Amino acid sequence: MSANLKYLSLGILVFQTTSLVLTMRYSRTLKEDGPRYLSSTAVVIAELLKIIACIILVYKDSKCSLRALNRVLHDEILNKPMETLKLAIPSGIYTLQNNLLYVALSNLDAATYQVTYQLKILTTALFSVSMLSKKLGLYQWLSLVILMAGVTFVQWPSDSQESSSKELSAGSQFVGLMAVLTACFSSGFAGVYFEKILKETKQSVWIRNIQLGSFGSIFGLMGVYIYDGELVSKNGFFQGYNKLTWIVVVLQALGGLVIAAVIKYADNILKGFATSLSIILSTLISYFWLQDFVPTRQKAKLWGYSTLSTKIKIAFILKELAF
Ligand code: C5P
């Protein structure tokens with residue numbers, strides 16, 4: 001049963017990440033009139049949707065009794081403030097992380113950012129070993145090291161990158177790199193901390209997600225006020241929302257639920273590999289279906305080298321994707 005849930009949750013994660021990436025890419029190519037939606041408000045809406053979905057799941061677990069639901073929410077969330085407070089840590093770190101990634105994207109080109117951020121697979125493994133006493137076999141470490149090699153490999157400037165990196169000053173590249181490296185550590189730590197809480201305490205994954213989402217909404221609202229307070233008071237909270245925005249928001253909320261299930265039934269390391277798989281998938285769909293990804297000759301040749309690990313190929317593909 002739990003092995004089924006493990007592969008089911010990993011499969012849904014691959015599907016969810018792939019569709020989110022493709023929808024976001026598609027939404028970026030659309031030309032819209034009027035104001036663009038504010039990503040800070042989208043974060044809050046996604047958190048609220050996650051909480052609503054989790055409340056429905058807890059309701060289902062309580063045999064669809066409103067009274068039982070009310071009791072569980074009271075007993076597990078309101079009456080255990082210290083347990084609830086534990087979730088403020090990963091929630092706060094995730095908020096910080098989202099901001100760091102924003103800093104990184106403003107100072108680095110998208111390809112370097114995407115590739116460097118994959119280092120989080122290694123930090124996640126290191127935190128899993130140190131905080132959860134997980135043991136990794138030789139092949140597992142080897143695949144992580146191959147990933148690292150792939151990432152280093154793509155950092156080597158190619159002709160096209162040299163011209164784009166000239167536009168970004170060395171100082172700003174350094175700031176961007178520091179931000180993304182810090183985000184790699186925060187991603188590894190927050191993920192493993194959440195896994196530790198899920199696996200070492202009795203509360204259900206959905207209750208834990210309600211707790212995480214509640215802090216996420218509070219921090220998110222603070223973000224709306226700080227970054228976009230003026231725009232919201234001028235044009236409203238839902239300015240620029242269209243059907244596609246809602247699809248992205250729902251997919252993001254679904255992502256939070258699936259990530260929680262993957263961390264519970266599989267682990268953070270497998271989560272990293274599943275999201276890498278979705279990168280290959282979205283690239284292939286992009287290439288064969290949307291026809292907006294054209295590999296250069298150099299990279300096309302690499303694609304054919306059978307001795308190169310899939311991970312190195314992913315790293316090269318990532319470099320081609322400029323989100
Ligand atoms: O890049 P990384 O894998 O660390 O990103 C994880 C993302 O998943 C974060 O944006 C975090 O807000 C989200 N998450 C979630 N619910 C969880 C765990 C993570 O929404 N239970």
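Positions of Cβ are set from backbone N, Cα and C atoms, glycine also.
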*Do you know which of 101-121, 206-226 TrEMBL annotates as transmembrane segment?*
206-226
*Kindly say whether the transmembrane segment (273-290) and the transmembrane segment (7-26) touch, using the definition of 3 or more Cβ pairs under 8 Å where each pair is 6 or more positions apart.*
yes
*Look over the recorded stretches 174-194, 206-226, 246-266 and say which has the most C-beta pairs under 8 A to the transmembrane segment (7-26).*
246-266
*Who are the chain neighbours of the transmembrane segment (206-226) in space, where the CB to CB distance is under 8 Å and they lie at least 6 residues beyond its ends?*
38, 40-41, 43-44, 47-48, 50-51, 54-55, 57-58, 61, 72-73, 76-77, 83-84, 86-88, 90-92, 94-95, 99, 194, 197-198, 232, 237, 256-257, 260
